[in-house]
Amino acid sequence: MDRGTLPLAVALLLASCSLSPTSLAETVHCDLQPVGPERGEVTYTTSQVSKGCVAQAPNAILEVHVLFLEFPTGPSQLELTLQASKQNGTWPREVLLVLSVNSSVFLHLQALGIPLHLAYNSSLVTFQEPPGVNTTELPSFPKTQILEWAAERGPITSAAELNDPQSILLRLGQAQGSLSFCMLEASQDMGRTLEWRPRTPALVRGCHLEGVAGHKEAHILRVLPGHSAGPRTVTVKVELSCAPGDLDAVLILQGPPYVSWLIDANHNMQIWTTGEYSFKIFPEKNIRGFKLPDTPQGLLGEARMLNASIVASFVELPLASIVSLHASSCGGRLQTSPAPIQTTPPKDTCSPELLMSLIQTKCADDAMTLVLKKELVAHLKCTITGLTFWDPSCEAEDRGDKFVLRSAYSSCGMQVSASMISNEAVVNILSSSSPQRKKVHCLNMDSLSFQLGLYLSPHFLQASNTIEPGQQSFVQVRVSPSVSEFLLQLDSCHLDLGPEGGTVELIQGRAAKGNCVSLLSPSPEGDPRFSFLLHFYTVPIPKTGTLSCTVALRPKTGSQDQEVHRTVFMRLNIISPDLSGCTSKGLVLPAVLGITFGAFLIGALLTAALWYIYSHTRSPSKREPVVAVAAPASSESSSTNHSIGSTQSTPCSTSSMA
C-alpha cells in the first residue's frame, strides 16, 4: 500500500471497528469558550441565504439573477464566479446579473465565455481586472425597485441577500425551484444555483473535559438542518498539525438524517458520525454511522465517552457543502516545530501592489488623467506622501475625496509613439523606503485603424467580399498598428440581410451564437477570428448583406476605464447556389427548362401512341363518343392559391423549402 494512503486507511479501520455509542446519564462539565484563530479556524461554503428565491423560466431569452450584498464597513474584496456548461454544443442564453452593494467593493469577476450583461453602481464597484463584459449603470433604487427594474428586462431566475461574502459561485441553468415567479423569502436554500463563502470564519469554541486523563482531543462539527430536506453530501477537510504516528484525535460529525459525509483528513483520526460517511481516497466505500445526540451537551458527552480530555473545536454551522478545519496542534501538546517565518505583510499594513492597481487612468481631450480615491487608500491603511508622473515636477492635486494627476500629451515626460502615449505613475508611501512605479498608457485613437476581413479558407490568405450559402466563411478583425499593451477582443457580430432576410446574430457577449458559428484561435498577432456557415430556407435569397462587428481594445493590466470600443462593418455580396455556374453543385436554369420540356414531349408522344393503339384495337360497335367535361372552377384557383413566404436565414439551418 502507498504510504500516502496508509494514515487514512488506518482511520478507516478504526472507524469501522468503533463501538456503538451509549448515552451518558451524568452531566458533562465542559465550559465552551471561544478559541483564537491560532488554535483553530473553520471556514465553510453554503447555499443557505438570509433571503432568497429560485424560479424557473425555461422559455426566457434572458436569464436574470439579482444579488444584494451587504458589507460591514469600508471597501471589501469579493470573488464572483459564473459557471455554465454548453447545451447541445452551444453556449447558454444571455445572462443579466444585477449587483447591488451597500459600500465600496474590489471585484474579481470570472465569467469566461458567458454572454453576460452586468448592471452595477460604478461608484461603488471597482474591478481588479477589466471585466470584459457588457456593463450597465444600476440606478440607485431600494431593493423592491431593483427587483422590479430587473423583472422588466426578463423573468428573474434567482435573487439572494448575502451578508459579507468573500466569494460567490453562481451556476447558470441550474434553477430547480418550483416557483414561476421569484419573490424574496427568509432563510432560503439556493440549491445548486448559488454557493458562497462568508468572510468571517465560523465561531470555534473549546473546553477541557473534567475527570478525563490523557491528551486525546475531539473536534466536533454540528451541521444544522437547512430549509430543504433533500440528500446532501458535506465535504469535511481536516488539517491537523500533528506528528506522524500520533493517534489521539476524534472527529465527531452530527447533522440531519439526509446528510452524508465525505472526509478528507491529513491525520489518523477516529470517526464518529451520523448518517453515512466515506473517505476521499475510498469515495465508493460508504460506512454507516451512528445515531448521535442533536444537542451540544449530548455531543460533549460523546466526546467524553470516547476518552477525549480536550474539545479542541466545537462548531455549529448552517447546512454547508464544504467545511474546512485547520488546527495548529494535536493531542493537547504544543507544536514543537519552529514557528514559520512571516513572509506576507500583516493585514493592517499597506499593500503597495493593491494600492497601485486602484489608480484609474482616463484619456480624453489629448490629456492623460490619473485618479486615486482617498477612501480606498484609507481602507488599505496607506499613507501617501506624493503622486507624480515620471517627471517629478508634475504633482497630483488634492481635490478633497481624491488625488488627481493630469497632463497634456506634450508634457510631463510623455512618450508618444504611433499608437500610444505612455508615462509612469510614481507613488511615494510612508511605509516604503522606495517609491512604487506603474506604467500608464493612453491610446492614440487618431492613428489606429480597424479592419474587418472575410476569407474563403481557414488559412486567411485569400480575402473576399462574397459569400455563398452552404459554404463556410472565415472572418478576421485587425487593428493597425498593433498595440502590445492592449488586447483586441470580439464582443459581438451580426449579419444584416436587409428587409428580406432580417438580422442573423453570429456572436453575442464574446460567445458564439448558434452551433455553426465557431470562435477560432487568434492570429499570431492576436487578431480575433471566427467562422460561420449560412443557409437560407426560403426564397428569394438576398443578394447583399452587411457584416458588422463590435470590438474592444482592453488593457492587459489596469483599469477598465481605458477600454475602447469600435464597430467595423463591410458590405458582402451573396451568390445564390443555382446561379453560381458550378454544375457540380446543382443544375443551372437552362438545363432545368430543357429537362422539363423533354419530359413533357415524351409524355405527350406516349399518350398519343397509347390512344392510337386503343382506338384501333376496339370493335366499332363498342366505340362511344368522347365527352369533354370542364374542370371545376375551384381547381384553377387552387393551383394558384399558394403563399409566398419571406426570406429567412440562419447560421447552419438544415431546413429547406419543399
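In case you wondered, yes, glycine gets a Cβ from its N, Cα and C as well.
As annotated by Swiss-Prot, signal peptide applies to 1-25. Per Swiss-Prot, the feature region 'Required for interaction with GDF2' maps to 26-337; the stated evidence is experimental evidence. Feature annotation from Swiss-Prot assigns region 'OR1, N-terminal part' to 26-46; the stated evidence is experimental evidence. Taken from Swiss-Prot, the feature disulfide bond applies to CYS30-CYS207, CYS53-CYS182, CYS242-CYS330, CYS350-CYS382, CYS363-CYS442, CYS394-CYS412, CYS493-CYS549. Swiss-Prot lists 200-330 with the feature region 'OR1, C-terminal part'. The domain 'ZP' annotation in Swiss-Prot covers 363-533. Marked as transmembrane segment by Swiss-Prot: 587-611. The region 'Disordered' annotation in Swiss-Prot covers 626-658. Residues annotated as phosphoserine in Swiss-Prot: SER646, SER649.
When the CA atoms are compared, no disulfide-bonded residues among the candidates CYS207, CYS350, CYS394, CYS412, CYS549 lie within 10 A of CYS182 (disulfide bond). Its Cβ taken as reference, CYS182 (disulfide bond) is surrounded by 26 other Cβ atoms within 10 Å in the chains shown. CYS549 (disulfide bond) is surrounded by 22 other CB atoms, counting those within 10 A of its CB over all protein chains shown.
Closest to CYS207 (disulfide bond) in space, going by CA atoms and restricting to the disulfide-bonded residues CYS412, CYS442, CYS549, is CYS442. The Cβ of CYS350 (disulfide bond) lies under 8 Å from the Cβ of LEU380, LYS381, CYS382, THR383, ILE429, SER431, SER432, each of these being in the same chain and 6 or more residues away along the sequence.
Across the region 'OR1, N-terminal part' (26-46), DSSP classifies residues as 0 helix, 9 strand, 12 coil. CYS493 (disulfide bond) falls within a strand when secondary structure is assigned with DSSP. Between the CA atoms of CYS412 (disulfide bond) and CYS442 (disulfide bond) there is a gap of 14 Å, rounded to the nearest whole number. Each of the disulfide-bonded residues CYS382, CYS394 was ranked by the number of other C-beta atoms within 10 Å, and first place falls to CYS382. A gap of 43 Å separates the Cα atoms of CYS363 (disulfide bond) and CYS53 (disulfide bond). Classification of CYS442 (disulfide bond) by DSSP places it within a strand. Counting only same-chain residues six or more apart in sequence, the Cβ atoms lying under 8 angstroms from the Cβ of CYS30 (disulfide bond) belong to CYS207, HIS208, LEU209, GLU210, LEU300, ARG304, VAL311.
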